[in-house]
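Feature annotations, reproduced from TrEMBL:
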- B:121, B:124, B:161, B:164: Zn(2+) binding site (BINDING)
DNA sequence: CGGATAGATGATATAAGGTAACATGACAAG
DNA sequence: CTTGTCATGTTACCTTATATCATCTATCCG
Ligand SMILES: [Zn+2]
Ligand SMILES: [Zn+2]
Ligand SMILES: [Zn+2]
Ligand SMILES: [Zn+2]
């Protein structure tokens with residue numbers, strides 16, 4: 001992946017604002033463990049580590065970037081290792097796939113059932129998950145009118161994040 | 001194909017309904033030619049053929065599938081041939097990229113400037129472009145609040161199309 | 001306990017999607 | 001006719017994703 005395609009965003013800028021990162025990782029992992037226990041999901045070592053990686057990096061990561069980190073932690077080095085762990089996380093809402101980037105990001109609202117919406121900076125590739133569920137009503141209506149049953153909706157806005165916006169001004 | 005109309009989308013424009021396909025291809029090509037002439041865009045043979053291919057197939061096609069067809073028509077056989085033609089079509093609104101499928105589809109509302117929204121059947125991969133522009137208001141508000149400038153929004157709903165829905169019932 | 005079953009992991013191989021870079025060709029402006 | 005611009009073609013390569021088979025590990029049940 002070239003830097004032009006996948007520039008590395010400022011890790012401290014999630015949701016485009018600073019935050020207590022160590023705390024945010026711990027909290028999310030704990031929440032995931034609790035939910036897996038409650039719902040009899042198996043948060044196995046690879047899966048747990050994959051979630052940790054996404055949380056620690058706090059940005060959208062390609063499956064192969066996650067794979068590399070997993071491998072450094074002693075897990076397999078082949079693509080399916082990463083894809084399977086990521087599939088699990090996505091399937092159960094611990095992470096999301098950002099279709100626009102073919103990348104994955106830890107959910108910032110775990111526990112709340114939601115259709116995620118993202119804001120993606122086209123300069124620095126920072127990704128922020130919108131706070132509220134953002135379901136376009138008009139689409140639901142169009143779907144109903146045509147007999148289409150919506151199961152999942154991808155909403156991804158591309159543009160310029162506050163940080164890059166400021167840099168451009170300077 | 002269609003022009004401004006009432007809020008209820010025409011089912012035939014939705015894509016999950018029958019329509020006069022030969023006519024739909026011709027009309028769209030003619031419209032594209034007209035617009036390119038008017039805006040001094042160069043609808044070259046490859047680009048024109050690529051648009052024809054997307055229109056004829058009337059479904060989301062991968063770049064390599066388009067490439068194969070282009071090659072059968074006497075154009076180059078290397079990926080950039082297809083990607084460049086598709087980039088042109090997408091850049092000027094004659095086609096859209098469906099991020100969820102890594103595929104391309106001819107626009108069903110050419111001429112109308114719009115942020116496209118798609119409904120994608122997870123069974124048969126049929127893709128319909130929603131009639132109306134579907135801009136999630138809540139996302140715009142979230143963006144404004146955080147200082148993010150939206151330039152483009154991807155909206156893609158995944159689910160079951162009417163045809164597959166009926167088959168499932170049977 | 002011992003075997004059956006289901007789910008998870010590992011490794012191999014390959015498919016599918018996408019770009020960078022450079023050479024050639026068409027064409028219009030000067 | 002030269003120069004600049006844009007389009008096309010090709011080589012080479014990179015990134016993303018899945019199919020498949022083998023192995024392992026928990027869990028359930030008799
Ligand atoms: Zn989320
Ligand atoms: Zn940015
Ligand atoms: Zn369109
Ligand atoms: Zn279908």
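Don't overthink the numbers, they just go from 1 along the chain as shown.
Keep in mind that glycine also has a Cβ here, set from the backbone N, Cα and C atoms.
TrEMBL: automatically predicted annotations, no manual curation.
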With CB distance below 8 Å as the criterion, list the binding-site residues among B:124, B:161, B:164 that sit near chain A. B:161
Counting all other Cβ atoms within 10 Å across every protein chain shown, which of the binding-site residues B:161, B:164 scores highest? B:161
Can you give me the residues near the recorded Zn(2+) site, meaning same chain, not B:121, B:124, B:161, B:164 themselves, Cβ no more than 8 Å from the center of the site's Cβ atoms? B:122, B:123, B:125, B:126, B:160, B:162, B:163, B:165
Per DSSP (helix/strand/coil reduction), residue B:121 (Zn(2+) binding site) sits in strand
